[in-house]
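Chemist: Got a structure for you, written out below as structure tokens; questions coming shortly.
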Amino acid sequence: MAVSWIVFDLWLLTVFLGQIGGHSLFSCEPITLRMCQDLPYNTTFMPNLLNHYDQQTAALAMEPFHPMVNLDCSRDFRPFLCALYAPICMEYGRVTLPCRRLCQRAYSECSKLMEMFGVPWPEDMECSRFPDCDEPYPRLVDLNLVGDPTEGAPVAVQRDYGFWCPRELKIDPDLGYSFLHVRDCSPPCPNMYFRREELSFARYFIGLISIICLSATLFTFLTFLIDVTRFRYPERPIIFYAVCYMMVSLIFFIGFLLEDRVACNASSPAQYKASTVTQGSHNKACTMLFMVLYFFTMAGSVWWVILTITWFLAAVPKWGSEAIEKKALLFHASAWGIPGTLTIILLAMNKIEGDNISGVCFVGLYDVDALRYFVLAPLCLYVVVGVSLLLAGIISLNRVRIEIPLEKENQDKLVKFMIRIGVFSILYLVPLLVVIGCYFYEQAYRGIWETTWIQERCREYHIPCPYQVTQMSRPDLILFLMKYLMALIVGIPSIFWVGSKKTCFEWASFFHGRRKKEIVNESRQVLQEPDFAQSLLRDPNTPIIRKSRGTSTQGTSTHASSTQLAMVDDQRSKAGSVHSKVSSYHGSLHRSRDGRYTPCSYRGMEERLPHGSMSRLTDHSRHSSSHRLNEQSRHSSIRDLSNNPMTHITHGTSMNRVIEEDGTSA
């Protein structure tokens, strides 16, 4: 018997101390419950053994048992109830419970009467919970340890009870919810800080920004699909970066359409249940929104880090495009593997929370620890690594600009490329740093916001008000709007990188049902124009001006740079223009009706005339054209080819290629 009492007292002490662990004071107070007057003791403590934080709440819970007490169904029933609702107050840390035999007698003698009044026997009052003994309550040894109430103690003793979950916010224990470190509790919906009209404005604001970001990132991705070979390393990560934020903006847009149907649990007035925030993975729709949003948010940041890595490899060790592309598998494994691992960990820890402002589900909205370790820590790490590599690459490019003598045109291209990298990085880093700043501010002041909310709603929810509140504050809506704005706008800079004349030409070709044509196809198209003969009659010393079809910001490093190709084309233009145009005419000659070739159909290069203008030339013009072609084109071609030295085409690094092409694409 003694051993069982010791074991049970230890268990009860653990439970009781856990209940009042957040209370800064423990004191005895006079019993004010009408049902518990005229007992051998007159002091009690709160919260009691049934988790009633004050005597008023305990009195409300005892009301269903008044008929049984008034009808005196058992002389043990009233002492048994008071032992639970107003237990005897002894020195701190000593708690005693009624004996099991006392409970069994009260139950057997009053259970039928309780059934008549429709009052069920509470689960907290099951007799198997109490120690196996047969002694009255309170025991004589307990009466000797009764504490005296504090002199002049008021009826309602002010103590720090901590947060007590209201009945309206309680959740089924199987779901594993938690709010303000209280289990089986969830925050209220709509948001606990803002009014409905403020939430409505915020939701439409987030929806508008998500549409803008979705349009920009989708345009970037579709531009990539039109010409996949245009964007290669070191710039290929920009495309995956855009895809990630395209998915992020899509999830926010879906949240705007869903409102709070996924982020919040439905209310149940019949069970006194208010609408609460969704937590955990039991809600499949909320889980899917969380997985996509968190995964692509982290993946977008990792792809930005990989972009800085590829720029660093191209600028400092001068890696070529093919060398960087060989590491593509490692890049993809890191960019998708790290966010995937973090997402799986959060799913296993059941850290999903509904966002009743944006309508999506994320992590760290109410759990500060999850925010600190799964949002702030990764983002800060990505920023530090990315900025370090970015600065190293820019410093290397600037050293090249200063130390290596370059032509003025190449100097301007290099400066322009450095400015472009800097602007793109600033457009990404500034919004991301603002988001990180909002998260830090939120975690620093969240405790004050929660205390203010409890202070304002404690009487409405009938829960203890905060004890000795020294500071009260409510969050500003602009803080949350800024956080969502910067979290979405961070994906828009990708459109500035693909914006060029080349992009406009590709989209124009796409909408006209044409694909990009090669230079050979363009030359053949020129040969088929009806006024081509007139172009042959011009002065051969006049340089050929070709229309630009736009240039790409990408290409392979095995090709010559655009500047070198332009030099070769200019050197060959005088001799090669007549040669290519006249030689292409040879295949279009026709025989005359008597089976002979026309006089201008000799095999020699100098004696060929274009077919496209034959029908419009008179005999005089034909002979004059042939004479001028024979004399001028032959001499000019030989002179130009003999004077121009052989030009060698060299292979450049991927950074040189990007710099040169960048100068012509903007």
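Placement of Cβ uses the backbone N, Cα and C atoms for every residue, glycine included.
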Chemist: Please state if Phe312 and Ser473 fall on one side of the membrane according to Swiss-Prot.
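Modeler: Topology check (Swiss-Prot): Phe312 vs Ser473, domain names differ.
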Chemist: Choosing among Cys36, Cys103, Cys110, Cys127, which residue does Swiss-Prot name as bonded to Cys82 by a disulfide?
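Modeler: Of the listed candidates, Swiss-Prot names Cys36 as the partner.
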Chemist: Per Swiss-Prot, which of Cys99, Cys103, Cys110 is disulfide-bonded to Cys127?
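Modeler: Record-based pairing for Cys127: Cys103.
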Chemist: According to Swiss-Prot, the disulfide involving Cys73 connects it to which residue among Cys28, Cys110, Cys133?
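Modeler: According to Swiss-Prot, the disulfide partner of Cys73 among Cys28, Cys110, Cys133 is Cys110.
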Chemist: Would you count the other C-beta atoms found within 10 angstroms of the C-beta of Cys133 (disulfide bond) for me?
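Modeler: Step by step: centre on the Cβ of Cys133 (disulfide bond), count other Cβ atoms within 10 Å, giving 16.
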Chemist: Same chain only, sequence gap of 6 or more: which residues have a CB within under 8 Å of the CB of Cys73 (disulfide bond)?
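Modeler: Once residues fewer than 6 apart are set aside, Cys73 (disulfide bond) is near Glu109, Cys110, Leu113.
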Chemist: Please give me the CB contact count at 10 A for Cys82 (disulfide bond), counting all chains in the structure.
Modeler: 26
Chemist: Where Cys82 (disulfide bond) and Cys133 (disulfide bond) are concerned, what is their Cα separation in Å, rounded?
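Modeler: Taking the Cα atoms only, Cys82 (disulfide bond) lies 18 Å from Cys133 (disulfide bond).
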Chemist: Can you see whether DSSP assigns Cys89 (disulfide bond) to helix, strand or coil?
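Modeler: SS state of Cys89 (disulfide bond) = coil.
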Chemist: Could you tally the C-beta atoms, other than its own, that fall within 10 angstroms of the C-beta of Cys110 (disulfide bond)?
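Modeler: Taking all protein chains shown, Cys110 (disulfide bond) has 23 Cβ neighbours within 10 Å.
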Chemist: How do the residues of the topological domain 'Cytoplasmic' (310-328) split into helix, strand and coil according to DSSP?
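Modeler: Counts, helix then strand then coil: 12 helix, 0 strand, 7 coil.
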Chemist: Counting all other Cβ atoms within 10 Å across every protein chain shown, which of the disulfide-bonded residues Cys36, Cys89, Cys103, Cys127 scores highest?
Modeler: Cys89
